[in-house]
Amino acid sequence: MKSIVVLLLAALIFDYSEAGIPVRWCVYTADEQAKCAELVAQVAALGYTRHTLTCVRQTDALECMNAIGKVNPTADLMRLDSGLAYYAAQLYTMRPVLAENYGLSNRGGTGGRQVDYPTAVLVRAGSAVRIDNMHRMKLCSSGVGTAEGWTVPLARLIQQLKTIPVQQCNSVVLSVANYFSQMCLPGAMNSLFNNFGSNPDKACSICRDTGDGSKFCKLSDNYAGNDGALRCMTQKLADIAFLRLDELVQYANDTGTDLAAYELLCSDGSRQPVSASGCSWANVPSAMVVASIRTNAETIQEYRIFLKWLVANFGPSGTSAWRLFDSSKYATRNLMFSDQTQLFYDSADDSSPDKKDIRSIYNWLGPAYLELHDQTNYCPLGAIRWCVLSAYELAKCERMKLAFSAKNLKPSINCVQGESTIKCMEYIQMGLADIISLDAADLYVAGKRFGLVPFVAEFYGDSTNYYAVAIVRQNDKQILVSNLLHKRTCHSGIGKATGWVVPLNLVLDTRQITVLHCRLIHAFSELVSRSCIPGIMDSDYNPTGYNPINLCENCRSGGADKCQRNDRELYYGDDGAFRCLVEEAGDIAFARHTTVFDNTAGHNPAHWARNRRSNDYEILCADGSRREVQDWQDCNLGRIPGNTLVTGAYKTEEQKQTMWQLLKYAQTFYASDRNSNNFQLFDSGFDRSDLMFQDIAQSLVYIPSVNQSYKAWLGNQFIQRLETLEWQSCYLQSGLGTNSASAFAAQPVALLLGLVALIWR
C-alpha cells in the first residue's frame, strides 16, 4: 500500500512538472511588463519547461504585495527593496526567496558577496542647502517607504537631528510635506502611508505621469525610483533628492549627465563630490525577491532553482546574449531587478562563518535597519500611560499594547494598574498616568475634585449618549418603579450613572424615601431588602465604615472579591447587574438600555446568559407603566452622556491630539469585532464585559476643545441629578458644610452618597 502511494505521488509530481511549475511575476510599470514579456520569450526560446513564467500587471508595488499576499493570490513573486519589504512582512507576512547580490560570489571576503548598498542625499553643487536649512526647499524621493528614499534620510532628519518637526505621530508624510515646499513623494497618497486621508496634495506637487494619470504619485510615477528621483533632479524640479548612491554614476553614463553639477550632502553636514566614497547616510540590505508566507517549502525551493537558472543563462556571465540585469533597452533602469545585480544570494550557498540570514524579511533587514525604521516613526510623546482597574483590564491593556506595537503605532502604550477608579484619578492628577475611561458620574468626580478633562468620547453608532433603564422579569407583575419597598435591587456600582445616580434620583422623585440627617444611603438601605451595589463598602465610598451591609449582601463573588467596584465582582457593571437579575439575586436591575439585547439571543456565550430571551424581560417606565425592552426610547429613566477618556487639564492641545491620533489610527485596524488583526478594541474577552471601553462602543470621537470640561460634556440636566444627591447628603454647601455638625457626623456616605465625599474631602 505504501509503495502505491509513493507511485501516485511521483505520478502527480511528474504530471505537474510536465505542465511547468507556474511562476507568476508581478510587475507594475509598462516598461517592466515589456521586459517581463521579453524574458518569458527568452526562456521559451531556450526550450526550458520545468517552470512556466507569466507576468501579472498591477498599478504599483503595494498592489503587487496584495496580489501575492491575499488569501487567493493572483501572483507569486516580486522584487522589493528593503524598505518596502518591511511592509510586505508587516502587512502580508511575506518571506524572502533570494536576495540581490551586487558582488561576484555568495561567499564573504574580498571580491565576494555584496548584499547591501549605500544611500545618499544629492544637492546641486554650490547651493546653499544644509542639513539644518532644508525648510521650504523642494524634494524628490525615490518613494515613500523605500529604504534609500525614505527610511534612512528621515530617520536621521526626524529622530536623530530633529531637523524635521513631527506634526502628527503615525503620519510621517504629513510632517515631511509641512517641512518642504514642493515635492514628489511617490506613494504618499496610498492608504498605507496616508493613515487619516490628510496628506496634503503638495506631497505630489512635482510628480509626473506622462500617460493616462493612473501612475501619478504612485510608486510607478515617472519620478519614482532612483532613476526617477535623479530625473526629477536633473530636470531642475528639486533642490534635494533622496536616493541610492551607486545609481548616480550609472545614471550619468546612461544619460550624459554632468556629475560635476551635483554634490553629496553627508550626514555630518559636510559635502563631497559625487564620485567620493564615505558619504553614505547608511548602508541598507539589498533588495530581495519575495513570496507569500503560505507558499510551502518545496515551492520556495523551486522558485530558487528557477531564479538561479535565470542567472546562469541571462546573468552577466550567462550563456545567452540577453541580459536579465540590464534595463537600458527601455531607456530606464532597474526593471524587475536592480541593474547593479550580479547574481542572487542564497545563504545555503554561503559557507562563510558570517553568512547572512535570509529565512525571514526581518532577519534579512537586521536590527540596525529595523532601528532606522523605528526612528522614522519617531513620536515626541514617548508613551501613553493607561490606568486600568483590575487584572482583567490589565490583561486587555497588555494585549492592546502588543496589537498597537504590531502595527508600529506611536506613541506606545504602558499599562498602569490602580487600586481603584479614584486612585487612577489621583495618578493622572499627579502626572503618574495619562488616561482612564470613565462613565458620566465618575467624570463628575474626576473633573470637580481632580481637575481632569474629557477629550475622547465613545460613539455608539448614532450618538455619544445612552439611556438608563430599569429591567424586571416579564412574569413579575408586582414590582413597580414607584414601589421598591422590600425589593432586591441590582446596580452596576456605587457612583455609577446607570446604577446609582439614576435609581437614587428615582426613589427621591417618587418619594419612596425620606432622608433624615443627610443619611441618604441608610434611607435607601431601609427601603430595599437586599442589594448588590459593587463598591458600596470600598473605603473610597465608605470612609467611616458604616454603610449598611445589606447593600452588598446579594453580590456574587466570594472572599475579598465580593462587592468590589471592578470586574472581580461578578455582578459589577451593567452586564453584571443584569446577571444579578437573571440569576434571581435581585428583582430589578438598573442598567444601560442595550444590556438585555447584549446578553440574550446568543449574543453573550457566557454560561449564565445561555438560552436567555429578551422577551422574558420588561422595562419599567417613569410614568409607572411597563413596556417591552425594545421600547426603551419611549420608556427609559433618562439620557446618560457617553463614557469618555479623560486626562489631566495640564496636558497641552498638542499632547491631547497626539493621544487622539494614536487612537484614531488604531481604530481603523481594531474597532470592528470582525477584524482579522487578533485584537478587538471594543470586545472585552476573558468572559468579562466593558473592559477599558464599553463593548457597545463602535468607535471613538474627539471632543472639541470647547466641550473639554466635565460641565460642558455632562450638561446641566445630568449635573442637576448629581447635585440633587449632593444636596440630600448635605455636601452642596461650601467645604464639608452640612445642615448640622451632628448630622454630618452620623453620615457615612462618600461620593454622591458615595461620590460626594470624594469631591469635597
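Yeah, the Cβs are placed from backbone N, Cα and C, and that goes for glycine too.
The record from TrEMBL ties ASP81, TYR117, ASP439 to Fe(3+), and of the options TYR48, TYR466, TYR467 it ties TYR466 to that site too.
Listed in TrEMBL as the disulfide partner of CYS424, from the options CYS387, CYS397, CYS415, is CYS387. Between the CA atoms of CYS207 (disulfide bond) and GLY149 (hydrogencarbonate binding site) there is a gap of 15 Å, rounded to the nearest whole number.
Here nothing among the binding-site residues ASP81, TYR117, ASP439, TYR466, GLY499 falls inside 10 Å of the CA of CYS266 (disulfide bond). If you average pLDDT over the domain 'Transferrin-like' (384-727) in this model, you get 95. Cβ neighbour counts within 10 Å, taken over all protein chains shown, single out CYS184 as the most crowded of the disulfide-bonded residues CYS36, CYS184. For the pair CYS140 (disulfide bond) and TYR466 (Fe(3+) binding site), the Cα-Cα distance reads 51 Å. Among the disulfide-bonded residues CYS26, CYS266, CYS279, CYS387, CYS532, the residue whose Cβ has the fewest other Cβ atoms within 10 Å is CYS266. Proximity to CYS532 (disulfide bond), defined by a C-alpha to C-alpha distance within 10 angstroms, is shown by the following recorded positions from CYS36, CYS387, ASP439, CYS490, CYS580, CYS635: CYS490, CYS580. Counting in whole angstrom, CYS490 (disulfide bond) lies 10 from CYS552 (disulfide bond) by their C-alpha atoms.
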